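Here the structure is laid out as structure tokens; the discussion comes afterwards.
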Amino acid sequence: MRSHLKPYGSRAENHRNPTAKLLLETIERKQSNLAVSVDVTKSCDFLSIIDAVGPFVCLVKTHIDILEDFTQDVIFKLQKLSVEHDFVIFEDRKFADIGNTVALQYSSGIYRIASWSHITNAHPVPGPSIISGLASVGLPLGRGLLLLAEMSTEGALTEGSYTESAVRMARRHREFVIGFIAQRRMENVGGSAETEEDDFLILSPGVGLGARGDGMGQQYRTPREVVLESGCDVIIVGRGIYGKDLKDTEKIRTQATRYKEAGWEAYQERISVK
Ligand code: S5P
């Protein structure tokens, strides 16, 4: 059976990487395939949004370098919320350099991403050395990597042979690469028939229940299009959940519930199609 037609929980067994297992088990436990992307500039908004959406999400995605008042205390509080609300952390760093540089960017600097983020991601553009560079830091810590095989933006160059090469690179590094940022499943991309082992996780941004775009190139699809029609595993939603009023935690909670339900309904419909 194609992997995405199976329940999340049963797919955890196919994965050797502990972070892939953790994410699948968290999705199953919380009955949520919703990830919230918290792209705000103030630590207090960052933490209060995470606290509000925490019960409804399997994962929180961060852009830690957007915070203008970053201190180590933010990481301490983020990790505490991750334990309290039971969600996985994904720093959306989009590494894109040579192996040696990305290893330093991942382990060091102010943010020391590898020390707190379960998942991070990278552009495949430098070739396989970006994976080995990041793996030298992340694998001993049990971390997982997503490759950006496709992007959600209008006119993205991530298509055709680029996407195929990304998938082939990932298949050669299954111990560390747990899946893709993409708009659809990747099993049949890059010239290999689907196998049980090829169960990559597909995390998909560009999700909204309202507008179809943001006027800056972003393109939105509904949870149903993403999960049911395209077979993606996790919907990543940012502004669709917290909008402009970052202090209105009631509204944020309502929106998170709405997206959680839409994502889960689409998944249930998907696994019931035999
Ligand atoms: O192709 C992509 C890849 C990513 S990781 N398109 C994206 O939008 N993202 C990220 O998802 C982007 O950096 C942002 O953090 C989030 C989408 O936010 P939204 O507010 O448009 O939902």
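Each Cβ is built from the backbone N, Cα and C atoms, and glycine gets one as well.
Note: TrEMBL annotation is automatic and uncurated.
The structure displayed is predicted, hence computed values, not measured ones.
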Substrate site partner of ASP39, LYS61, GLN218, GLY238, ARG239 (as recorded in TrEMBL), chosen from SER117, SER129, SER152, SER161:
SER152
Can you name every residue in this chain, apart from ASP39, LYS61, SER152, GLN218, GLY238, ARG239, with its Cβ inside 8 Å of the center of the Cβ atoms of the recorded substrate site?
SER37, PRO205, GLY206, ILE236, VAL237
Rounded to the nearest angstrom, how far is the Cα of LYS61 (substrate binding site) from the Cα of ASP97 (active site, for OMPdecase activity)?
21
Report, in whole Å, the straight Cα-to-Cα distance of ASP92 (active site, for OMPdecase activity) from GLN218 (substrate binding site).
16
In the structure shown, with every protein chain counted, which of the recorded positions ASP39, ASP92, ASP97 has the densest set of Cβ atoms within 10 angstroms of its Cβ?
ASP92
Taking all residues of the domain 'Orotidine 5'-phosphate decarboxylase' (33-252) together, what is their mean pLDDT?
96
